[in-house]
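A.B. asks: The structure's right below; bear with me while I get my questions together.
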Amino acid sequence: MHPSVTRTARLLGAGLRALLALTLVTGVLYPLLVTGVAQALFPGKANGSRVTADGRTVGSALVGQSYRLPARPGQEDPGPDPRWFQGRPADGLGENSRNTRYALVLSGATNLAADNPELVRRIRQAKAAVVADNSVPGHRVDPADVPADAVTSSGSGLDPDISPRYAALQVRRVAHENDLPVAAVRALVAEHTEGRTLGFLGEPRVNVLKLNIALKALVTRG
Amino acid sequence: MGPVLAGVLQLLALTGALALVHIPLGNHLARVYSGGRHWRVERWIYRAIGADPDAEMRWPAYLRGVLAFSAAGVLFLYLLQRLQGVLPGSLGFASVPPAQAFNTAVSFVTNTNWQSYYGEQTMGHVVQTAGLAVQNFVSAAVGMAVAVALVRGFARSERSGELGNFWTDLVRGITRVLVPLATVAAIVLAARGVIQNFSGIHEVGQFTGGSQQWNGGAVASQEAIKELGTNGGGYFNANSAHPFENPTPFTNLFEIFLILVIPFSLPRAFGLLVGSVRQGYAILAAMAAIWAGFAALMMWTEFAHHGPALEAAGGALEGKEVRFGIGGSSIFAVSTTLTSTGAVDSFHSSFTGLGGGITLLGMMLGEIAPGGVGSGLYGMLVMAVVAVFLAGLMVGRTPEYLGKKIGPREIKLAALYILITPALVLVGTALSVALPTPPHSALNSGAHGFSEVLYAFTSAANNNGSAFAGLNADTDWFNTATGLAMLFGRFLPMVFVLALAGSLGEQRPVAVTAGTLRTEKPLFTGVLVGAVLIVTGLTFFPALALGPLAEGLA
C-alpha cells in the first residue's frame, strides 16, 4: 500500500480511538453520574414534575394541556370546556409522523411570520372567540382587554402558563359556569398568580393546571 | 415594574454574572492550555489514542489531528443513526434515513446542531446520549483547541512554528473544562425541573381524563453541554422553549449564561497566554459592545411589535413563552445567534421583521461577538488581523499584531477565512431560490420566504443551527446542501486559521516602537468593531435588503 494511505488509516484509527475513549467519558459516565445525582436528590423533578389530584396523575406542572369538552361520536373538536380556565392556543403542536405505533406529541411553534395573512386571520379569529366565550350575561368583554398571550401560540405549544390578565378575563365566565361567586374565583386566581422570580426574572404568570385543580376542589366543596 | 425594565434588569444581571465569572474561568482556561502535569485519566486516554501528549505539532500535523478526529466523528455518528433500529435502548425507534443521518452527523460534528428531524419522534436514548451529546462536548473542545493553537502562533517567539499537541488540547478541554462545568450546570437544571431519566415512552394522565404519551430522556445532562458548548441541538423539537428543557425564568437566564460564559472568558485566557491581559480586554470589549448593542436593538423592536399579525395580537408573543416574556426571549435570541449556538427559547420566524433580521445579522458577522466556544475567539482574532491591516494601510506602515508582522501570506489567509462563509451562504441561497423545487419548502411567501432560505444557509455555513423553522428542511436537497455548507463552513476556516497560526509561529517577534499600533487601547477596539460591521455590511447588504429589510420596512 502507498505510504500516504497507511498514514491516513493510522491517523483515522487514532481519531476513532480518541472518539471511543471520550464517548465513554462524556456519553456514558457523565450522563449516568448526572442521572444518579438527579434521581437521588430530586426524583420528582427529574421525572417530569407530575401533579396528582384525587389520587391520580393529572399531568405535569410544567407542561400545558388542553381543557376541551368530551367529543361526541362523529364530532371533530367540540371546543373548549367553559368550566375550566383555558391555556394559550397551540397551533404549532403536531403529532408524530415517524415511529407511528406511538402517539407522541411533537412540540413546536407555528413559525408563521409577523406579516403572514394566515397568522393575522388566526389571531383575529382567536380574539373573536375569546371575546365570545368570556362574555357572560351582563358583562361583555372589550376586545381591547384581550392580552396577546390569549391569541398567540407559544414556542413549544406546551406553555403551561397564561398571563394574569388572561386569567382575570376568564374569571366571570368560570364563576358563571360553575355557579361560584366571582369574588371567590378572583381570589383563587390571585392566589395562583406567580410574580417575577426575584422580582425581575421572566414575567408574572398563572399556571393553568394548578389553577384548575384548585378550582375543581372549590367546586366540589361547593 | 414594567416588562421593559425587567428585561433591562435581566440583561444587567447577566452582564454582572459574566463579569464575575470570566476572571476565574479565564485564568483557569489559560492554565489548562499552558502545560503542566497530566491527570491519570488523561494518560489512560492518551494511551488509548496512541499519542504522546508532550509531542509538539506544527500546523499541518495539528490540522491532520483535527480532520481525522472529526472524520471519525461523522462516520461514527452516521453509523449510530443508521443502526438505531437494531440498537437496544432506542425506544424501538427506526433507523434514521441516509440523507438525514448524513446531515445530522455533519451538523453535530461541526458544532452546528442544525436539526432537520423532530427529536422526540426520531432519536432514541443511545443516539441522543452516546452520539449527539458526545459531539456536543468534543466539537466544542475542537473549537477551543484550534483557538488555542492560533493564540500560541501569536505568543511563541522561538520561530519553530510549533503549536502544541492537538490530542492534549482536545482531551484537556473536555476533562478540565467542559465536563466539570457541565456536571454542575446539569445538576442545577435538574434541580429546577429539567428532566433526567432513562424511562421509555409512557402514558401520563391528563386533567380532563385520558392520557398523553411522553418521552423520557437524559435531558438535563444534554441541555447543559448543549448551551455550554454553544451547540444548540434540542432534545425536543421546541428546543429550549420546551418546558422540560427550560422550565422557569431562572433556567432561561441560566442557560443564556451558559451559552456566553466560555466565549466571554476566552479573551482573558488569550490575554494571559500572549502576556498582556489588556490585549485580551481590547478583544473582549469589541465582543461585548456588539452583543450589548444587538440585545438593546432586539428588545426595542420586539417590544414595539411592528407587523400586521403582532399588532392584531397586541404584542410580539407568537412563538414565545409567557414565563420568559419578550425581554428574556430577546436576550436569548441575540445570544444564541451571536454565538454559534442556535438553541432557541422562542421562534425567530415569528419575530418582527427587524428582529428576525437581527438574528440573521448576528450570524452573518461570523459569530464572533462573543462567538462559539473557541471559534468566536479565532474568528475575532482573524478580524483583528484585518483591522490591523486596514489601520496599517491608512498610515502607510507594515502592519503588525502582538509583535508579529502581518505580511502578504497572513493577510491572504485572513481574507480567505473571511470570504469562505459568505460564499457558501450566498451561493447556497441563490441555488435554492433558482432551482425549480427547493423554494416549495418555504412556509411563508414573499420576502419572508426568501429569508427562510437565506437563514438556513447562514445558519449552516456559520455553524449556528437555529432556523426560521417554517422551512421544511427535511428534503434531499436541503439535507445535502446544508450538510455540505456546514462541513466547508467549519473546516475550511480551520485550515486557514491553523495555516495562519503556523505562519505566525515561524516569525520572530518585532520590537514595539513609537510607530506601533497600540492594539490594547480603546481606539483599536473601535477600529475592530468598525471592521467587523463594514466587512459584513458590504458582503450581505443586498441579501438582507431582499429579505428582512423588505419585510421590516413594508
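Positions of Cβ are set from backbone N, Cα and C atoms, glycine also.
As listed in TrEMBL for this protein:
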type: TRANSMEM; residues: B:61-79; note: transmembrane segment
type: TRANSMEM; residues: B:130-155; note: transmembrane segment
type: TRANSMEM; residues: B:176-195; note: transmembrane segment
type: TRANSMEM; residues: B:253-274; note: transmembrane segment
type: TRANSMEM; residues: B:281-300; note: transmembrane segment
type: TRANSMEM; residues: B:375-395; note: transmembrane segment
type: TRANSMEM; residues: B:416-435; note: transmembrane segment
type: TRANSMEM; residues: B:481-502; note: transmembrane segment
type: TRANSMEM; residues: B:523-545; note: transmembrane segment
A.B. asks: Go through the chain and flag residues at least 6 beyond the ends of the transmembrane segment (B:375-395) whose CB is under 8 A from any CB in it; none is fine as an answer.
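C.D. replies: Answer is 111, 143, 146-147, 150-151, 154, 230, 263, 266-267, 270, 283, 286-287, 339-340, 366-369, 401, 406, 410-411, 414-415, 417-418, 463, 493, 496-497, 500, 515, 517, 519, 524, 527-528, 530-532, 535.
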A.B. asks: Counting a contact as 3 or more Cβ pairs under 8 Å, with residues at least 6 apart in sequence, do the transmembrane segment (B:281-300) and the transmembrane segment (B:416-435) touch?
C.D. replies: no
A.B. asks: Is it the case that the transmembrane segment (B:253-274) and the transmembrane segment (B:130-155) have 3 or more CB pairs under 8 Å, with pairs at least 6 apart in sequence?
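C.D. replies: Yes; at least 3 Cβ pairs under 8 Å.
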A.B. asks: Against the transmembrane segment (B:416-435), which of these stretches has the most C-beta pairs under 8 Å: B:61-79, B:130-155, B:481-502?
C.D. replies: B:481-502
A.B. asks: Relative to the transmembrane segment (B:61-79), which of B:176-195, B:481-502, B:523-545 accounts for the most Cβ pairs at distances under 8 Å?
C.D. replies: B:481-502
A.B. asks: Is it true that the transmembrane segment (B:130-155) and the transmembrane segment (B:481-502) have 3 or more Cβ pairs under 8 Å, skipping pairs fewer than 6 apart in sequence?
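C.D. replies: Counting Cβ pairs under 8 Å, at least 3, so yes.
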A.B. asks: Report, as numbers and ranges, which residues of the same chain sit near the transmembrane segment (B:481-502): CB under 8 Å and 6 or more residues beyond its ends.
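C.D. replies: Here the qualifying positions are 58-60, 62-63, 66-67, 70, 102-103, 106-107, 110-112, 114, 116, 146, 149-150, 152-153, 161, 163, 375, 378-379, 382, 385, 410, 413-414, 416-417, 420-421, 424-425, 428, 431-432, 456-457, 460-463, 473.
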